[in-house]
């Protein structure tokens, strides 16, 4: 069914199409229209970070920023769903146009800039959902928050989402918020992770429930930077790491829109992200699980991430290009 409507969808503006589909999914998931995307997916349970996942294929953050469509995405058979990135206060994001399809490259460039309705609205939507599966909530800082005060934004979000998340992702790797990637390095990283770890342990006592903290990193790090970051993750007892976010690289692109600013996702990111996963797993010595994401568009590309050492995988751009059938295909062949 998706292959029938995809040409029509791809003729429209990417962001308008995105908004249209989210509107349909959020409003129609309880009606017969949901039969267009509902599917049975094989059970391939895996336990990671103390959490039982029905299968290892998840939805990456960024598609459902405000947690409006959790129920619909669960009907597609995802093993877990990650919503956000969410910030303490609602913000409009960057100027439009800010989302570009590179169909010749099976890729997307985005410079959205953490557009979202704010953490309170996301929590309201999560509470209204009937979803009982594994939910990750991805948190970030507001654009106008100075870099030296970023910790306050992450702590504010963590405090509000903690009771409703199965894990919380700390997004310090989007290329579309000025200064954000600086938090991946040195004392900035250690200070942030240390503060969040302290808050996590306090919240775990308060709610009598331990919610893992996961850090999402960029693919554009040098090898020694990945190794230093891995040591910081171990030192601050993080529970997981997502590798990777979008890339600033434009190597080998064919599309006329290749020069647009923003983060690149999709097939061109495939090998770059897998290489980071391999290096991370080697440095971490499997003491911290890795969630692999970046260019997964087939059984083979998912298996490459798992072979590199990832315990779970996430899809986004491949899902946009191929639809829900990608989930079932990957899970059934793992």
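Including glycine, each Cβ sits where the backbone N, Cα and C put it.
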FMN site partner of 61, 62, 63, 64, 65, 85, 138, 171, 216, 244, 266, 316, 317 according to Swiss-Prot, chosen from 113, 191, 295, is 295
Reduced DSSP state (H/G/I helix, E/B strand, rest coil) at residue 138 (FMN binding site) is strand
Rounded Cα distance in angstrom between residue 171 (substrate binding site) and residue 266 (FMN binding site) is 19
Widest Cα pair spacing in Å over the listed FMN contacts 61, 62, 63, 64, 65, 85, 138, 171, 216, 244, 266, 295, 316, 317 is 20
Checking the recorded positions 63, 174, 316 against residue 245 (substrate binding site) with a 10 Å Cα-Cα cut-off, in sequence order, leaves 174
By a three-class reduction of DSSP, residue 113 (substrate binding site) is assigned coil
Within 10 A of the CB of residue 174 (active site, nucleophile), the number of other CB atoms across every chain shown is 25
